[in-house]
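Take a look at the structure set out below.
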DNA sequence: TAGATTGTTAATCGATTAACAATC
DNA sequence: TAGATTGTTAATCGATTAACAATC
């Protein structure tokens, strides 16, 4: 039933978390069924796109009825890989690393931080919640011994590539990268970037070019 | 020379910060000129796409020569609106808000945090660097009196929309939203989202579906 | 059954890539 | 000048939207 996932486009993949979030909202409102047309209204995609997207993964709907919210929420969660837990480490225990360590929502979703790593001796040994900050020199060994799935890189840009190299040596499976660089890793390691300055600069562009389009009086 | 900016696609706009970053790298390496072909090799876009992208904003290159790195870096900075400063406020002084307040790179790029806001009485009055945390109830007035351009929302999801409403009332120009919701704002207010869980869930999807594609031995 | 809504194919739209004349 | 490389048009590719038969 499921098509070859290698053919799913990134455009579709990046919409899935949004479906997941809105379906949760509907569940919380005790809405049990929804048509692509209604969902279109709340989520902002076209009904056609919603049906196309969902059909990449199987026929979750029922003609004449629509979609069962509970079942669809569960299925999309499964497609996203949210039906399991992931063991993560955070590399870089500065402000951002600590913020992520403290953000319990990720843990609730199944992404459990097991340790943090830093090169600063003043930080090593400290704990954020119950997560210990360890010496970056031990990260490779730690990943292997503790079966870590995901490394979260929160270092400054210049350190990020060498950190990534260490994670790869430890056989990390995926990297969530907050450093403002594009990492070079082997093809079997998945990298997802959060490039904050790129997002901020995009906002800046839009402020400069797209403002006041509809407010002629100012 | 510049085409109507309303016709620039978001795909192009989101590539501009990456050009900017790589051009800075080249500058730092004292590289003064570059062809679209060479740039293609380092940045990973096709040479054709690079020329197409840049030509949306004018002819920055020279036939037979390529592009002047310094001039192009400056021009793209200007296009992105990085040739000025922005007055920002951070709403939500929790871990993420504090991390952003402490991240001086944004300030170096011209995005200057003037104040933070929170509803927690224990935080109000404290300072992060030299940035004071103020009562959220005063935010509308503060924006107006201090000519704030950008509001950075770092609150939990449930508070984000009401915060956005206040920012809009204060006549904020743009919102950088880190809360996991889609804000409803008037068309003249620009919103740029950083949806961290969506990014993390995308990583999760890729881990589940695209792993080991090229590593047959494991 | 009749009405509603999906699953899916076909049409359209937009973005990327290729090609090449212009020109430095 | 000859070689290199842009700017720009045309071709291709992929993603979105529209349409409708299938079916609950």
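First residue shown is number 1, and so on along the chain.
Any Cβ shown, glycine's included, is placed from N, Cα and C.
Where the annotation comes from TrEMBL, it is an automatic prediction and has not been curated.
Mean model confidence for the DNA-binding region (B:18-57) is a pLDDT of 97. Annotation source TrEMBL lists DNA-binding region at B:18-57.
If you look up TrEMBL, you'll see B:92, B:93, B:94, B:95, B:96, B:97 marked as NAD(+) binding site. Its Cβ placed at the centre, residue B:92 (NAD(+) binding site) has 26 other Cβ atoms within 10 Å.
What TrEMBL lists as domain 'CoA-binding' is B:81-182. In terms of DSSP helix, strand and coil, the domain 'CoA-binding' (B:81-182) has 37 helix, 29 strand, 36 coil.
Using a Cβ-Cβ cut-off of under 8 Å to chain A, the binding-site residues B:92, B:93, B:96 reduce to B:96.
A simple Cβ count within 10 Å picks out one of the binding-site residues B:94, B:97 as the most packed, and that one is B:97. Counting Cβ atoms from all protein chains shown, residue B:96 (NAD(+) binding site) has 26 others lying within 10 Å of its own Cβ. Same-chain residues at least 6 positions away in sequence with a Cβ under 8 Å from that of residue B:93 (NAD(+) binding site) are, in sequence order, B:101, B:116, B:117, B:118, B:120, B:123, B:126, B:128, B:133, B:154. Taking all protein chains in view, 18 other C-beta atoms sit within 10 angstroms of the C-beta of residue B:95 (NAD(+) binding site).
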